[in-house]
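Feature annotation from TrEMBL assigns [4Fe-4S] cluster 1 binding site to 22, 58, 92. What TrEMBL lists as [4Fe-4S] cluster 2 binding site is 167, 171, 174. Residues or ranges marked as domain 'MTTase N-terminal' by TrEMBL: 13-131. As annotated by TrEMBL, domain 'Radical SAM core' applies to 153-379. Sequence annotations record features per position, and here TrEMBL assigns domain 'TRAM' to 382-445.
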Ligand code: SAH
Ligand code: SF4
Ligand code: F3S
């Protein structure tokens, strides 16, 4: 390994990572970057000047998979130009044997393929390719945790921390439990230690990650973990995702209410407004239970924003079922929603169900749902006009270089004129305009 490290340093080899999928994947790419930098690789500006290109893949919907195949294919020409170039593909899609095999067969220039359980083995895989000139393909399912790897966090005030891996819920449409394995929670002490080290390094907000944080069990439960993070670390803001509605406890609601550090935002995927479809989805709650839960959360934590995920066109979804989803969206008035067309995933129960819905109906339904939610999102954003909100400034706005952007505790993106030196600071912003995706405002000057 030392020999390899020397070679990487001498040639100043560089890496480039392309990440698809959710925040879990983005965070794992930070770990991969940490491992590569420990081996001596430096960050490249683009694929074109990289000597190690890695694709971290997602397979939650079919279009995520198609994108990967297209983009990996385009790397071939770079491989012909640079004989040092190694190409690796990892992540959820590669945890599936069939998809991994298809990728290996289609692209003989891919050197390394690995899954979601063995990121820590990457240095050894690189060593094997460099020394034995062999392709490496490893996607075991491990039950123990191997998350003690260096991390290279993205620049800025936001940090992600994984609190648990895997999922036991087996929603009938979802591939995640198959590619991420069973639930494994990290030890609470380790998590707290990791978070305690964030603020001295300039981080101001932590996102706790897990497929279902409510079932965290690292010696203590999730509400206790949040309590300890609030009591024992000085991180000013804490977020988490995702919460499953079936087991969001009263205790969790009261902990969120008690600590102002915990952001006033819950992402609570509902998936459908029809109790019948929810049962087919194996979600373990009804429409009524979901609505009751939202009422309880709003009553106990005033001003909290609630966002959601919704799937349309699940097998057997009738016009009446879809109307139930629309009426739920109207009744709850989510702050925003991620909306998806159902995508059959092979190996899941829903993929085998009769009455798969045709594309035409699916696209009609998603258009109608998106239009409704957009209207509600914009109305809700307009309700912020005139209010002054605390914003954690994340950096220069991508839309307008004279503006800065950041989020409120309720996770609304805010743009306002201000200097880049505000990055990482909290600023009080008076909201002047509420648009579909963004609030606009101006900074309240502090008294000298
Ligand atoms: N564990 C989280 C996130 C899972 S994936 C949760 O349970 O909320 C994120 C979202 O993708 C899901 O909430 C769901 O809305 C969507 N999704 C998952 N599988 C899908 C599929 N087969 N087709 C369409 N959307 C899907
Ligand atoms: Fe998928 Fe359901 Fe697990 Fe979320 S809770 S990852 S939707 S199986
Ligand atoms: Fe995330 Fe996609 Fe995997 S949503 S958990 S990267 S399948």
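Heads up, the Cβ atoms here are built off N, Cα and C, so glycines get one too.
Here the binding-site residues are 22, 92, 167, 171, 174; the one with the fewest Cβ atoms within 10 Å of its Cβ is 22.
Looking only at the domain 'TRAM' (382-445), the predicted model's pLDDT averages out at 95. Counting every protein chain shown, 22 other Cβ atoms lie within 10 Å of the Cβ of residue 58 ([4Fe-4S] cluster 1 binding site). With a cut-off of under 6 Å between the Cβ and any atom of ligand 2, the binding-site residues 22, 58, 92, 167, 171, 174 reduce to 167, 171, 174. Selection of the binding-site residues 22, 58, 92, 167, 171, 174 by a Cβ distance under 6 Å from ligand 3 yields, in sequence order, 22, 58, 92.
Highlighted here are the binding-site residues (58, 92, 174) whose C-beta falls below 6 Å from ligand 1: 174, in sequence order. If you measure from the Cα atom of residue 171 ([4Fe-4S] cluster 2 binding site) to that of residue 58 ([4Fe-4S] cluster 1 binding site), you get 17 Å. Excluding the listed site residues 167, 171, 174, the same chain places 169, 170, 173, 175, 176, 177, 211 with Cβ atoms within 8 Å of the centre of the [4Fe-4S] cluster 2 site Cβ atoms. Other than 22, 58, 92, the residues of this chain whose Cβ falls within 8 Å of the Cβ centroid of the [4Fe-4S] cluster 1 site are, in sequence order, 20, 21, 24, 25, 57, 59, 60, 64, 91, 93, 176, 179. A helical conformation is recorded for residue 92 ([4Fe-4S] cluster 1 binding site) in the three-state DSSP classification. Calculated from their C-alpha atoms, the gap between residue 22 ([4Fe-4S] cluster 1 binding site) and residue 174 ([4Fe-4S] cluster 2 binding site) amounts to 14 Å. Here residue 174 ([4Fe-4S] cluster 2 binding site) is positioned 12 angstrom away from residue 92 ([4Fe-4S] cluster 1 binding site), judged by their C-alpha atoms.
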